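Pulled from Swiss-Prot:
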type: ACT_SITE; residues: His76; note: active site, electrophile
type: ACT_SITE; residues: Glu146; note: active site, proton acceptor
Amino acid sequence: SIAELCKVLTTGPLNADTEVVVGCPAPYLTLARSQLPDSVGVAAQNCYKVAKGAFTGEISPAMLKDLNIGWVILGHSERRAIFGESDELIADKVAHALAEGLKVIACIGETLQEREAGQTEAVCFRQTKAIADKVKDWSNVVVAYEPVWAIGTGKTATPEQAQEVHVALRKWFTDNVSADVSASIRIQYGGSVTAANCRELAAKPD
């Protein structure tokens, strides 16, 4: 349960050098925030691209801030695939969330078909470029590489596969944004990460 997870994260101990952020469904954001220490961030799993208006069912960054939520996950593969969110819409959402003072976990990643077709880098670069076209300050952005074929399938990208993509992304940032952003931006891997494989994945330099 959320209460049990919050208790574990509260009693820890957590590594002081590691920023911990918990992403939970919207109905439980307030509960999670109230039960976690301030040192643990809470992220919404989505938000919309404008502050207010006739968008029934959508949650704005302003609403999240009212709940004392500091983070939001945007561009998750399920939002792209199931709800048809385009690269452009996700970029607009990222830009607006940042402008409103939220920190963003921006998700990118390829499908199995795209990987088998040798399109992994092309897809990741396209998705990242859409965001880069709208975002100039990357200090509050974490890029999450989440290969679609490794989400909820039990399949995990090998540490070597994840590292290859992360290296390619850093080079893309060097070539298309700046060397400073490339060196400082956090890139994380997501996709069937478990207690059994997290140490090996985390050992990779990128």
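Each Cβ is built from the backbone N, Cα and C atoms, and glycine gets one as well.
Taking CA atoms as the reference points, the residue listed as 'active site, proton acceptor' and the residue listed as 'active site, electrophile' are 8 Å apart.
Within the same chain, the residues at least 6 positions away from His76 (active site, electrophile) whose Cβ sits under 8 Å from its Cβ are Gln45, Asn46, Cys107, Glu146, listed in sequence order.
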